[in-house]
Amino acid sequence: MSLLTEVETYVLPTRNEWECRCSGSSDPLVVASSIIGILHLILWILDRLFFKCIYRRLKYGLKRGPSTEGVPESMREEYRQEQQSAVDVDDGHFVNIELE
């Protein structure tokens with residue numbers, strides 16, 4: 001039997017056979033798993049959108065960064081520039097390295 005014959009004789013399932021058998025189910029396990037799945041998806045999307053803010057908050061707590069009390073202003077500015085450059089590098093996920 002050739003491949004063409006097999007394709008021609010294959011019978012597609014009717015629409016009723018394709019439908020999900022658990023749609024409209026009031027089974028508590030199905031409802032709970034659906035809610036957990038939706039919450040997981042929402043949290044994952046929020047994590048991807050705001051991961052820098054979230055993890056920076058976890059790292060430094062509610063403060064904006066490490067304490068600069070008693071540190072001269074010039075050193076504070078240098079530290080801010082270092083932190084900003086580290087964040088800027090993270091934006092692209094790639095770092096260009098030039099070999100001389």
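Placed from the backbone N, Cα and C atoms, the Cβ positions cover glycine too.
Under the heading S-palmitoyl cysteine, Swiss-Prot lists CYS53. For 63-86, the entry in Swiss-Prot reads region 'Disordered'. According to Swiss-Prot, the feature site 'Seems to be involved in pH gating' maps to TRP44, an assignment based on sequence analysis. Annotation comment: Swiss-Prot describes 47-100 as topological domain 'Intravirion'. The transmembrane segment annotation in Swiss-Prot covers 26-46 and is backed by sequence analysis.
Beyond the transmembrane segment (26-46), no same-chain residue lying 6 or more positions past its ends has a Cβ under 8 Å from any Cβ of the stretch. Model confidence over the topological domain 'Intravirion' (47-100) stands at 69, taken as the mean pLDDT rounded to a whole number. Neighbour count (other Cβ atoms within 10 Å of the Cβ, all protein chains): 9 for CYS53 (S-palmitoyl cysteine). Counting every protein chain shown, the number of other Cβ atoms lying within 10 Å of the Cβ of TRP44 (site 'Seems to be involved in pH gating') is 10. When the Cα atoms are compared, TRP44 (site 'Seems to be involved in pH gating') and the residue listed as 'S-palmitoyl cysteine' turn out to be 14 Å apart.
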